Amino acid sequence: MTASALPEDFLTSLKPDSVLGVAVSGGGDSMALLHMLLQAGVLVRVATVNHNLRDEAQAEAQVVSAFCVTHGVSHDVLHWHWDGTGNLQDQARRGRYRLLSDWAAEAGLDCVALGHTADDNIETFLMGLSRGAGLDGLSGMQASFSRGGIAFHRPLLHARRSELRDILQGAGITWRDDPSNDDPGYQRIQVRQSMSALETAGISAEQILMSLSNLQATRRDLNAELAAEVEDHVRLDRGDLCFDLHWLEAKSAESQRRLLNSALQFVAGQDYPPRGVKMMRVLADLRQKSVLHGCLITSDDAELRVGRELNAVAELRVPSTEVWDQRWSVAGTHSKTTEIRALGEAGLSQCAVNWRDTGLPHASVLASPSVWEGDRLLAAPLAGWANNWSLTLRQHDCEYLEFVLSH
Ligand SMILES: Nc1ncnc2c1ncn2[C@@H]1O[C@H](COP(=O)(O)OP(=O)(O)OP(=O)(O)O)[C@@H](O)[C@H]1O
């Protein structure tokens, strides 16, 4: 397929007359994506995230805005502000996806397209080598995934960055690349700059893309086999994931690792799996109680349970109208001072009912979301005391386990 064509299966997957959300930073890749979608006659609505970290960001959004005005396309600028916690790059990426999925949901859009390219995939593969990554880390980005209930697509994974720039130049379209795309302080940029040295050693971009395609096929097959079995052997228990232990123990180490990674990412609301070394310790003895990735892994004779660990959420407080721990929201009589927090021992002692009647383990109850007003507990739905508040589990973005989560 040439870079100038969008994949046929992507275009046919779009519902007729539906509007596609497009995330456009103003850089060459996403500007080319927008141009190609318009050329293909797709109805679009565009969003640009201003992370409010660089002075140039406003000018980049302006480039997108001007293009959208010329083409009669609706364009929204979404603002993100760093709260100073966590790793900045990681928080900015998470914040961007959250803003984009909230924007899409509010605008009634089912899907959002992103401008990741074949070059991004090559760089991700090479960066994976530096971590000693396995099949998942080396097989590149997926063409689609879901986040916050919105489907995200990457229809340019076949296209090379240089080809996209040629398309833009040919069409007389201007773009504005983020200057950090040239900053050798980032590993991605070092990798990008070392491509010519690799080519000299006989490792070309085309060969890496061929390996990526082989790895992706293997990954797809493996996942499909697991997904088919998960239905009968994994259950969702009020936010915890419970595996049939005998079934899990009989699986290969690689399958166990994939399933547990997925469960840990789901329960902890993380985009990334835990470090391989830590996971190897857990796999060495599945029946051993362990804490990994902010989750507690426990087992009895029948089941292995992955639940949230209290320490990971003990300090987490959000207004009751917001999402807690990436995945829980509550409905009830909100006020300016009502908050969601982990129940903890302090909450459990105020609980008006006996939590043991819920059948949930003590640790899961302690780490469960509860509603507070100051020091007063208003509700603890997973401890059996809903008190006119209801709880919804929001996150459904999880490979292999999708079937379980949709039931
Ligand atoms: N600030 C942003 N606003 C909207 N979408 C964004 C933003 N940053 C990234 N994206 C989306 O994510 C894709 C990949 O992000 P990446 O960080 O690789 O972007 P980039 O290097 O700025 O690429 P591009 O050249 O497309 O702007 C982009 O092509 C775009 O679809």
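Each residue, glycine too, has its Cβ placed from N, Cα and C.
These come from TrEMBL:
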type    : residues                                 : note
BINDING : Ser25, Gly26, Gly27, Gly28, Asp29, Ser30 : ATP binding site
COILED  : 205-232                                  : coiled coil
DOMAIN  : 21-193                                   : domain 'tRNA(Ile)-lysidine/2-thiocytidine synthase N-terminal'
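Excluding Ser25, Gly26, Gly27, Gly28, Asp29, Ser30 themselves, the residues of that chain whose CB lies within 8 A of the CB mean position for the ATP site are, in sequence, Val24, Met31, Ala32, Gly115, Trp175, Arg176, Asp177, Asp178. Note on Gly27 (ATP binding site): other Cβ atoms within 10 Å of its Cβ, all shown chains, come to 19. Long-range Cβ contacts of Gly26 (ATP binding site) within its own chain (separation 6+, distance under 8 Å): Thr48, Glu60, Ala61, Gln62, Val63, Val64, Trp175, Arg176.
Within 10 Å of the C-beta of Asp29 (ATP binding site) we count 23 further C-beta atoms, all protein chains included. Just so you know, the Cβ of Gly28 (ATP binding site) picks up 23 other Cβ atoms within 10 Å once every protein chain is counted. Sequence-distant contacts (6 or more apart, same chain, Cβ under 8 Å) of Ser25 (ATP binding site) comprise Thr48, Val49, Glu60, Val64, Gly115, Asp178.
DSSP gives Ser25 (ATP binding site) a coil state; it is part of no helix or strand.
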